[in-house]
Amino acid sequence: MDVQFKKMQGTGNDFIVVKYDDFPFEEKLSQLAEKICDRHFGIGADGLLIVNPSSIADIRMDYYNSDGSIAAMCGNGIRCFSKFVFDEGFLRTKQFSVETLDGIKEIAIIEEKGTVKSVEVNMGQVTYDTEKIPVVSEDGYFINKKITVGGQDFIITAVSMGVPHVIIFTEKLDLEQIKFFGPLIEKHAIFPKKTNVNFVHRIDKDNIAVRTWERGAGYTLACGTGSTSAVAVANKLGLVNNNVNVEVEGGNIKIKIKESGNLFMEGPAENICSGRFFFN
């Protein structure tokens, strides 16, 4: 069957967007994600976004990693999703709510000259609760603790931003090392559901650089929940202020920490192409 899709990207993190009405086979969505996201035999993307109606919010987003696994939340993905539903006329207002497996997220569309310039998302707060992340620990938190993988020690902090994240501060962002150690940390025994891995370089109080190895997707050019988690941890440790620019390989993301403690992420969302994918 032919599946109508749109391909989008947010700071280099790319996604395929499909309306559920165009593929109403929930039991086959994981298989669709694997096939359509394949960069050699499919369209190619980091993940699949499904547009669904919601009974508790204005609309619902379901997200599948490129390996077919389900993720509760995707920061760059929800920006692309929000631009899609706004541009396609699903919602007429610039502020709306999106249901995710990580709860309801509040969205603000930012336009310039009649086109969507960027999207702001209320990401909520990170949790350090080891049971909710989850991570195996004798304490109720996992902050600045040592683990050893591949013969090398790392000081890590584990949090959840709807999905599990590890934050590692480093003086140098070495892509070769990130791609080697990333999957080893992702699958470390202390993470029963695996984890995303973020290598973070602090530039100054207002700027950091983040490189992410994503659970279920591998190395990506950006990770919204990872960037948000990195700022939250850096702020908690006194390394950055409340308004931080995050440099990722695919561009820049702005993270603001409000008085409530909620983290707001703002970044671009752009169309790449649209078409029909033959699925069998």
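A Cβ is built for glycine as well, from the same backbone N, Cα and C atoms used for every other residue.
Feature list (source: Swiss-Prot):
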type	residues	note
BINDING	Asn13, Asn65, Gly75, Asn76, Asn196, Glu214, Arg215, Gly224, Thr225	substrate binding site
ACT_SITE	Cys74	active site, proton donor
ACT_SITE	Cys223	active site, proton acceptor
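In this structure the alpha carbons, written CA, of the residue listed as 'active site, proton donor' and Thr225 (substrate binding site) are 6 Å apart. Taking every protein chain shown into account, Cys74, Cys223 are the active-site residues, and of these the Cβ with the most other Cβ atoms within 10 Å belongs to Cys223.
Listed in chain order, the residues near the substrate site other than Asn13, Asn65, Gly75, Asn76, Asn196, Glu214, Arg215, Gly224, Thr225 are Asp46, Gly47, Ala71, Cys74, Gly77, Val163, Thr212, Ala217, Thr220, Ala222, Cys223, Gly226, each with its Cβ within 8 Å of the site Cβ centroid. Minimal Cβ crowding within 10 Å, among the binding-site residues Asn13, Gly75, Asn196, Arg215, Thr225, is found at Arg215.
In this structure, Asn196 (substrate binding site) is part of a beta strand by DSSP. According to DSSP, Asn13 (substrate binding site) is assigned to a strand segment. DSSP gives the residue listed as 'active site, proton acceptor' a coil state; it is part of no helix or strand.
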